[in-house]
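Under the heading transmembrane segment, TrEMBL lists 7-24. Residues or ranges marked as domain 'Flavodoxin-like' in TrEMBL: 66-216. According to TrEMBL, the FMN binding site annotation covers 72-77, 123-126, 165-174, 200. Taken from TrEMBL, the feature domain 'FAD-binding FR-type' covers 269-546. Here TrEMBL flags 289, 577, 648, 649, 658, 659, 660, 661, 662 as NADP(+) binding site. Summarising the annotation, TrEMBL assigns FAD binding site to 456, 457, 458, 459, 474, 475, 476, 480, 495, 496, 497, 498, 734.
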């Protein structure tokens, strides 16, 4: 057989290639189609399982007439979105698709059917920012170049409803809801009813209730539906299990990995049980308050953090409230019964915690039974009252806004306490099955109505540059007095998260007070509930090793960061525990200073900008946080760190009035104006939003206005606005 030469093979191959080019020339050389920036429009033949990011297909597949998007940072907006969906189902028999906007594409928002509507439940986070899960949605709505499937940035005729969640103590109150409303209107969408705006500083619940009734009336008119088409169908089915492998029952574990003890990433869905290596009290013994300092070991966890980040602490409910509600629901003797919970409409309501579990576990670890009970919930529970009299009491609290405010809200009553009060029980006695009337409330109602117990966030008070394997927490313990009324005596009320940490501190340092759960009022003192106790050992003693304890945590990233250039002046304003992130800031600069001096010599910090800290507390001998540390930091930073301290109950003005941080800022106005206007300095404020933050901003506006030769109202306000836009004035405040 003849062997072909190399030239023969080459000529033959070339012929084949040329023939192929001729045959497929149209496909190969056709003009390229422009690529779309947005995600491709879902094929209409897809059902709900075809494209998981196509909410239109899911609506059609599930015969949903409503889709509800929630922008939520802490879970509250999601809770309200679910409430709206439940009410639509109960009132009109309409089913909804409740969606996290992060999980869906919006290029087919214009394809919402004419007989359907879109709800937006949008929280405003930080200083007028969208929540993390709604960033893309906001970008799509605001970007005029973003095209929907119609090829335009138009949503003609789209019916929508909007409810915003915000806090009026912040400058940009409900900014995100307002922006969404404006953008939708500008694109031709039609709003149903008024825009709702909830104010967390006053009462989010009352604002929602006041808005929703008028909204539903207008919704019924526009959508052509009639009330009474729905019914009280349960969201969940609760089943008691006679037997189940004990190792597969959740007893407070926050994730499947925690239950099975398998390794994985630690985040909000899988918190890390961090060992407490140091726990101490920061206030003096004779102070009437507590402030806890904890150091949490994260070595080997995979968790990292930066200065200015927040740590989320996952508390449990106190023993007293768990027992109280178990008794009030008639479940005390069945508290350890294993239950499984199944959602009857997963698109509407997912089971909010891992199952199977037990009744006691749900109340202790998974739902927020320590929160103020909502007025709307009391109306729903009235039908399960043990007597006609107790039913009437709950109905009255539900319908009489003023009475609810004076008794329930001012009395700071929790769910279990209201049930006891309505049944004629003594809420000041230690609850037992014998002294507490049982209400036959189906447990699925409790799961549906009580929000999930959320983590409590604290500014991290350390720098990873000095403490790479530890996160420091600085938490003042929340304790305040309720308002006396004819039904409930005045008493102390305790915050869940900070008192949980206080219990851990007591247990870690071996100083757990042996106080009774219920304290009788002393002479001239309010009726008090003593320091609450918690099951701090955790599920299956997972949070305790011999004499040491652990606390479940995760880290939430923040934009609250120092400028990278140490030559830039920095002004930090943080009275009380608002100083926490600034301890981390200063430690960050100390670590950099050590490296810089080691590399460039003793004078290496000469051109650094000044770090000015304005701090405030009551007395230098009582609540001066980290008092001994600041001089050490100042020495290491060679005078580049300067601290100004207001002692409001120790040093007074000539007229006898108290001195606060804003007074010290005004005294240092020449340096502050120069640092900001000429040194391009950065300003950080952390602490109380209601009074301190506003007073500080007013003072800064006055300083900058005068420095610019104008007024606080015009030039000063303009300068503050510019600083915020350029992220040179940053706030980490709370109300």
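FYI, residue positions are counted from 1 along the chain as it appears here.
Including glycine, each Cβ sits where the backbone N, Cα and C put it.
Nearest to residue 662 (NADP(+) binding site) in space, judged by Cα atoms and limited to the binding-site residues 72, 75, 167, is 167. Cβ contacts within 10 Å of residue 72 (FMN binding site), excluding its own Cβ and spanning all protein chains shown: 22. In this view, residue 170 (FMN binding site) is surrounded by 24 other Cβ atoms within 10 Å of its Cβ, with every protein chain counted.
Spanning the residues 289, 577, 648, 649, 658, 659, 660, 661, 662 that the record associates with binding NADP(+), the maximal Cα-Cα distance equals 24 Å. For residue 173 (FMN binding site), other Cβ atoms within 10 Å of its Cβ number 17. Among the binding-site residues 123, 476, the residue whose Cβ has the fewest other Cβ atoms within 10 Å is 476.
Counting other C-beta atoms within 10 Å of each candidate's C-beta, the binding-site residues 289, 456, 658 are led by 456. Ranked by how many other Cβ atoms sit within 10 Å of their Cβ, the binding-site residues 167, 474, 648, 662 place 648 at the bottom. If you check the binding-site residues 289, 458, 474, 476, 660, 734 against residue 170 (FMN binding site), the ones with a Cα inside 10 Å of its Cα are 734.
Largest CA to CA distance in the FAD binding set (456, 457, 458, 459, 474, 475, 476, 480, 495, 496, 497, 498, 734): 22 Å, whole number. Comparing residue 476 (FAD binding site) with residue 72 (FMN binding site), their Cα atoms are 26 Å apart once rounded.
Non-local neighbourhood of residue 497 (FAD binding site): 313, 315, 456, 475, 478, each in the same chain, at least six residues away, with C-beta under 8 Å from its C-beta.
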